[in-house]
Every structure is written in C-alpha cells, then in structure tokens.
Amino acid sequence: MITMPDYRPGMNGIIIGLLSSFGSAILIGCFFLIFYFFRCTTSGRIFLDRIGRPGEYDDEQQFLREEAEALETMDDMQRTEYLRAKAFIAANPPESLQTDISLSQYLAIQEKGVSAWEFEPELEIANCFVEARTEIEFFDSECTVMSNLPVPKQNEVYYWEAKIYDKPENTLISIGMATKPYPLFRLPGFHKYSVAYLSNGTRRYNQPFNATSYGPQVVQGDVIGVGYRPRSGTIFFTRNGKKLEDVVHGLKSQNFFPSIGANGPCIVHVNFGQAGFVFIEANVKKWGLAPMTGSLAPPPPYGSEQGSILLEAGTKDGFTSTLGRGRGYSHPVQTYSRQGLAAVDSSHNRTRSGNFRMFPPTSPGPVRSPTDISLAHLVPTEDAGEPSSSAAALVDQDGQPITGGFLSPDQPPPEYTSPVNSRPGSRRHSSDSENTPLIQLSGRSRGASSATARPIQSGGSHNRPRAGSHRPPSPPIPSYQDAVRQGAGRDRSDSTRSARDSS
C-alpha cells in the first residue's frame, strides 16, 4: 500500500502568496523600466533632477537648435537686432550687477513709501518719455524701460498694474519683469532672465523665437497686473482684475525689476500701489510694493506759526522793491532819485497813511495798503532807474519837491483841517495813532513856516523832536498853501546860498 506524504495546506498558501507578490512587483518594475527607457531616449533629452526638468546642458543644446532655425527665417533687421542683443548679454551677463536693495534705498523706501519707485529711461536710446515717475510714453522704435528699484522679497506677494491709455493696433506692448542688466532695445521676455505678457495674447519667458499662447489680446483701456511670490519664485499675470495661470516657478534668487516695453507709439500708466488696484484680492491683502505713505512728514502749512513768510519781495507798477526785515514780517523799501529833490530833507519820508496802521500780519505775505498810495519807505539813491508811478508824484514839472504830500500843488486835499490841541506826549504824538498829522511845525511862525515830516523811528513807537528845536505847547498846523510856499522859499534860499558859495 502506497502512503502519501503529509499534506500541509497552511504552508502552501504562504508560498503561493509570496510568489504572487513578488511577481506583481516584478511586473510593475518592468513597466516603469519600459516607460523610463522610451521617455529618456526620445529627442535626446536627459533628466538630471528629481521632478523631470532637463539639465542646463540639454537646455543650451535645445536653444542652439531653435536659434539656428529662427535665424534662417529672420530678415536682416531682425537678425541684426538679435545678434546685437546676444553680444550685449555676452558682455553683460544677467545678475552681473549688484542689484540688492541697499541701506540708502531701504531708508528712501521707509521715508517715501511707494513713491520711491519710478521708471528710469535710458538716455542713450531716448525712445520713451517718463512723466510723473510712472507715466510712460513710447515712440516709434523698440524700447524697454525698467524701474529704479527691484521688487522686495519680505512679504508673501508683491503686485503692480499697468493701464494701457493709448495703443494703436500695430503696436506690440510687453509688460513683465526682468533682471539687470538687460538690453533695453529689446522687449521684456525675449532674453534671460525676463518674463512678459504681450499685447498679442502670448507670453514669453527667456524666449526670443517662439511665443506661447497665454490669454486674451490686450487693447486700449485694459489693465495688466503682474504678481510675484518671492518664497516660491512664482510670477503670474492678471487682466482687468482676473487672474491668469502662473507663468514660471522657482525664480527665488533673482532680483526682478518691473519692466515695460513697446515697439511703437503708446502710453502706459503704472500703479505700484499709490492707488487702488483693479485686482480686488491685491487691494484686500495690500500687495503693493510699499505703503502709500512713508514716514517722511509733509511740510507744515504756511502761516500756521508766527513769522512765516511766503513772499519777501515783489513788484508793483513795474518797480522792484528791496527788502528790509522787521520783527516777524517783511517790510518793503522803495527808492527814488535825487534828481530834482536836492532841497528835500533826507528825513522827509512818508511812513504811513492816515487811515492805515502797521500791525504784524495775521497771514503770510507783504502787508497791503487799502489805498493806492505807496506805504513803503523812500530811500534816496543816486541812480535808482525809472521811478514808479507813486514815486513820480513827488516831483512836479518844474522839479520842485512837494513837501505836503503826494498830490500836486494845484489840487489841495479836500477838507484839510487841523485837529484839536492836545498835550505833548499824548497819544496824538505816537506813530501808532490814526490822528497824528504828517506835517509838524518846528518853532516857526505861520508866515514863514517850515513843514517837516517826521519819519518813524526804528527804536521805538514815539517820535522825538530834533535837538535844538523849541516846540510850543500847542503848535499850529500849517495849511497846504503855506507848506507849498515854504518849500518854494527854501528852494530860493538854497539856490542863493549855493550861488554865494560859488562866487
């Protein structure tokens, strides 16, 4: 009788399970090997990193192949411009300049806020004009303008917008960011390292040959936004407040500058954050390049403090006045010629009007008179030029001075009467009084009166009599005709004395 060996069903199950597991793993591995073999051997590309991006050497080889194909299709002008840009990049490699924000630039940003950013056109190209820091006007040839400061990297996202104010149909506009140095005679996005959204609806990233379809075409009135995430190195675009897909990732180490270029006439206005964004999320999260206002305080308003001077000198009737400083306010000084006024006393100055008082101004600027008569000091000069209309009234046609006022002798002032008598030293003798007469009599009779004007003394508010003059307690005030007659008599006496001295 034949005996069968002992049958153990448990052991057989374990063996079958192990074989099936190893077989499945081997089968899956074979599929991966086949996929990897065909994926890596196609088009000669070699994967050198863990996420499937090609290596630098393979990128250069691919770029050289694209360059050779593109040069065959370019015309002479395009080929010349491309070779010129290639030579510029070879002489000035990207990021060869120190473009990090320096301490002085950081302090300027703290003081000015977003106003620290502005576009700087290249003077050698001179094919665009920048007005009010962020308003750019392009002309007839290809040109790019970049900002003076790079985009910071402290916050999570930085964002800015550009509005197309004027754009002809045949003008191509490129809006994006690039590193310095960059060939400014080329558009952004065409060379390394630069990213741009073009007005024909395409995008470019380090690509001078083939553009990639990206979004709608840009027309006049559209607003294109550019966003940058420093932590991930991501750059994205928006159009009229709607976010488009991300363009590039991994650009963390580069310092990007906002850049705008065009190949024809157009006008673009840029908003770095000095106004509200069309993209609502950027407004809510405050994605601007810097705060709207910095720590630099504005200047105080004029006139808020005592002694503020807005204008120290001016002109009236074609006459330029010189400046004489007073206490806390300006005081103009006028000059007149000595010709025809040799007999006039140098102290005969009209210093104020009868209905005008000199007070410190409550608002900045020179003190104005309610009359047309000049209230400025009359300073004699040898050649002061042509006098003003107010100064010319001091001399009549015969060259005789008018000591009683600024009017002519044939037209006396109306209702000129003497005030009532008062004690010496009273308020009527003060220069601040409104009733003080402009002409005082100095120890002469009414028939031979000598009218003398008293100038305002700078040392005090009261006028003092001359030494040697005897003032009666209540001197009479000469009439207008007496003052004119006395002035003519003084002229005759002076002429007689001068003739006697000459003989």
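Along the chain as shown, the residues are counted starting at 1.
Yeah, the Cβs are placed from backbone N, Cα and C, and that goes for glycine too.
Over in Swiss-Prot, the protein carries these features:
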COMPBIAS  488-503  compositional bias 'Basic and acidic residues'
DOMAIN    81-277  domain 'B30.2/SPRY'
CARBOHYD  ASN200  N-linked glycosylation site
CARBOHYD  ASN210  N-linked glycosylation site
CARBOHYD  ASN349  N-linked glycosylation site
REGION    342-372  region 'Disordered'
REGION    398-503  region 'Disordered'
TOPO_DOM  1-13  topological domain 'Cytoplasmic'
TOPO_DOM  35-503  topological domain 'Lumenal'
TRANSMEM  14-34  transmembrane segment
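Taken together, the residues in the domain 'B30.2/SPRY' (81-277) have a mean pLDDT of 93 on the 0 to 100 scale. In the three-state DSSP classification, ASN200 (N-linked glycosylation site) falls within coil. In the three-state DSSP assignment, the secondary structure recorded for ASN210 (N-linked glycosylation site) is coil.
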